[in-house]
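Here's the structure we're looking at; comments come further down.
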Amino acid sequence: MGLHFKWPLGAPMLAAIYAMSMVLKMLPALGMACPPKCRCEKLLFYCDSQGFHSVPNATDKGSLGLSLRHNHITELERDQFASFSQLTWLHLDHNQISTVKEDAFQGLYKLKELILSSNKIFYLPNTTFTQLINLQNLDLSFNQLSSLHPELFYGLRKLQTLHLRSNSLRTIPVRLFWDCRSLEFLDLSTNRLRSLARNGFAGLIKLRELHLEHNQLTKINFAHFLRLSSLHTLFLQWNKISNLTCGMEWTWGTLEKLDLTGNEIKAIDLTVFETMPNLKILLMDNNKLNSLDSKILNSLRSLTTVGLSGNLWECSARICALASWLGSFQGRWEHSILCHSPDHTQGEDILDAVHGFQLCWNLSTTVTVMATTYRDPTTEYTKRISSSSYHVGDKEIPTTAGIAVTTEEHFPEPDNAIFTQRVITGTMALLFSFFFIIFIVFISRKCCPPTLRRIRQCSMVQNHRQLRSQTRLHMSNMSDQGPYNEYEPTHEGPFIIINGYGQCKCQQLPYKECEV
């Protein structure tokens, strides 16, 4: 009976003892052993700025996160983190790491984030990241990498973000990203890239944002981006690009933003933007453009924001296509687009110069009150919500102002047709003048014959006077030479000439004619 009554009391005791033993076994896994100089929060260990020269050995093997930022670690040995199989993120940025041995991250199968930025890494073995099959974010920016092994990122099929900013990369190996099928963000900015391989981005079928700014690219062939079927944003600013081409006909329907600011672009293939039917933001400030063909502008049908300031715009007849397009543009531009040449237009807004100097032939402008211009307190530029974008001025308008200005511009395209039309117009004017003169003469003869007879009689009288004067002069000369002996004019008017051949009597008549 005694044993029967003790058993119910002993069962809870046995359960408590078993639970206590399990807790004791799980203490290491729960992160109770915190390394010296580190701050521990549950299973996350923060050992930043503690002067570590190597990874501390006392780190708990069950930790999920380890931060060793801002220390003095110079080298990562082979199997350095092999026993930390539970790590999901590892931060090693802002150290002095220059050497990473092969398989240094072996065993970190659950690692999702690895930060190695701001170190001195100049080389990475091709097996460095092989076993990081769950890695999603890799940051290698601000190092000294000059080249990458073609198989360096092999096996990283879950990688979504890759930072390679501010290294010394000169080329991108073909098929470097072939196995990165999930990559959505790639930053290759601030390197020394001079050209892009045709298949350099093969495999990046999910890439949405690509950064190539601050490199040394001189020419861009958009056919090299053919395999980036999901790309949304492309940054190419501050390179040395002089022209844009497209080596083949294709449609890049996903691209919505293209930044080409700060290059040396002088020429653009007429069909480049036809491959980007959904492009919404195009920034080409601070280049060397002096004009844009109307075919290029007409292909920008979906554009909502454009940047064209800081170029070498020539405000002559060549600017009419751009002025016409700007006049009907429904979107916005953040900075003024000013003339660069000739001298008398330098510094003038393009649209102001076109109107003020009458640069475009047959220009017509209609101004109506339709839209509202206001100052956005969160931005530096003035938004214009209107049916056109004619620049009225750079005066600051209060947020309460309700000034509404809209212009409708019509600019013909400057081409050979204008010259031909002018020649035809001039020829027609000359022909009209000629026929008009003939018509006036004909009418005069039909309508005013007395006047014409008087004019004719006056002309005949004048001719007779001239003839008589010449006859007198001739006779005077002949009398001095010998045939004439005597000349005696009478008081009545007739005169007699006596010579060796006979006698001639000439009497002056009232109508001034002479009979012999």
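Any Cβ shown, glycine's included, is placed from N, Cα and C.
For 34-61, the entry in Swiss-Prot reads domain 'LRRNT'. For the domain 'LRRNT' (34-61), the list of distant contacts is 28, 67-76, 80-81, 83-86: same-chain residues at least six beyond its ends, Cβ to Cβ under 8 Å.
The secondary structure of ASN57 (N-linked glycosylation site), as reduced to three states from DSSP, is coil rather than helix or strand. Around ASN57 (N-linked glycosylation site), there are no C-beta neighbours below 8 angstroms that are at least 6 residues distant in the chain. The feature N-linked glycosylation site is assigned by Swiss-Prot to ASN57 (among others).
If you draw a 10 Å sphere around the CB of ASN126 (N-linked glycosylation site), it holds 14 other CB atoms from the protein chains shown. Marked as N-linked glycosylation site by Swiss-Prot on the basis of sequence analysis: ASN126 (among others).
Summarising the annotation, Swiss-Prot assigns N-linked glycosylation site to ASN243 (among others) and lists sequence analysis as the type of evidence. In the three-state DSSP scheme, ASN243 (N-linked glycosylation site) is classed as strand. Less than 8 angstroms from the CB of ASN243 (N-linked glycosylation site) sit LYS219, ILE220, ILE265, LYS266, ALA267, ILE268, ASP269, each of them six or more residues away in the same chain.
The annotation N-linked glycosylation site is assigned in Swiss-Prot to ASN362 (among others).
Taken from Swiss-Prot, the feature repeat 'LRR 1' applies to 63-83. Remote same-chain residues near the repeat 'LRR 1' (63-83) are listed as 31, 43-55, 89-108, 115 (criterion: CB distance under 8 Å, separation of at least six residues from the stretch ends).
Model confidence over the repeat 'LRR 2' (86-107) stands at 95, taken as the mean pLDDT rounded to a whole number. The repeat 'LRR 2' annotation in Swiss-Prot covers 86-107.
Sorting each residue of the repeat 'LRR 3' (110-131) by its DSSP state yields 0 helix, 3 strand, 19 coil. Taken from Swiss-Prot, the feature repeat 'LRR 3' covers 110-131.
The repeat 'LRR 4' annotation in Swiss-Prot covers 134-155. Taken through DSSP, the repeat 'LRR 4' (134-155) splits into 0 helix, 3 strand, 19 coil.
Residues or ranges marked as repeat 'LRR 5' by Swiss-Prot: 158-179. Sequence-distant neighbours of the repeat 'LRR 5' (158-179) (same chain, 6+ residues past either end, Cβ-Cβ under 8 Å): 117, 133-150, 152, 185-197, 199-204, 211.
Swiss-Prot lists 182-203 with the feature repeat 'LRR 6'.
Panel annotation: around the repeat 'LRR 7' (206-227), residues 165, 181-200, 233-248, 250, 252, 259, 272, 275 of the same chain, lying at least six beyond its termini, place a Cβ under 8 Å from a Cβ of the stretch. According to Swiss-Prot, the repeat 'LRR 7' annotation covers 206-227.
Residues of the same chain lying 6 or more positions beyond the ends of the repeat 'LRR 8' (230-251) and with a Cβ under 8 Å from any Cβ of it are 189, 205-223, 257-269, 271-272, 275, 277, 283, 288. If you look up Swiss-Prot, you'll see 230-251 marked as repeat 'LRR 8'.
DSSP labels the residues of the repeat 'LRR 9' (254-275) in these numbers: 4 helix, 5 strand, 13 coil. Feature annotation from Swiss-Prot assigns repeat 'LRR 9' to 254-275.
Within the same chain, residues 237, 242, 253-266, 268, 270-272, 305-314, 318-319, 321-322, 324-325, 335, 340-341, 413 sit at least 6 positions outside the repeat 'LRR 10' (278-299) and bring their C-beta atoms closer than 8 Å to a C-beta of that stretch. Feature annotation from Swiss-Prot assigns repeat 'LRR 10' to 278-299.
According to Swiss-Prot, the motif 'Involved in DLG4-binding' annotation covers 513-516.
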Outside the transmembrane segment (423-443), at least 6 residues beyond either end, the same-chain residues with a Cβ under 8 Å of its Cβ set are none
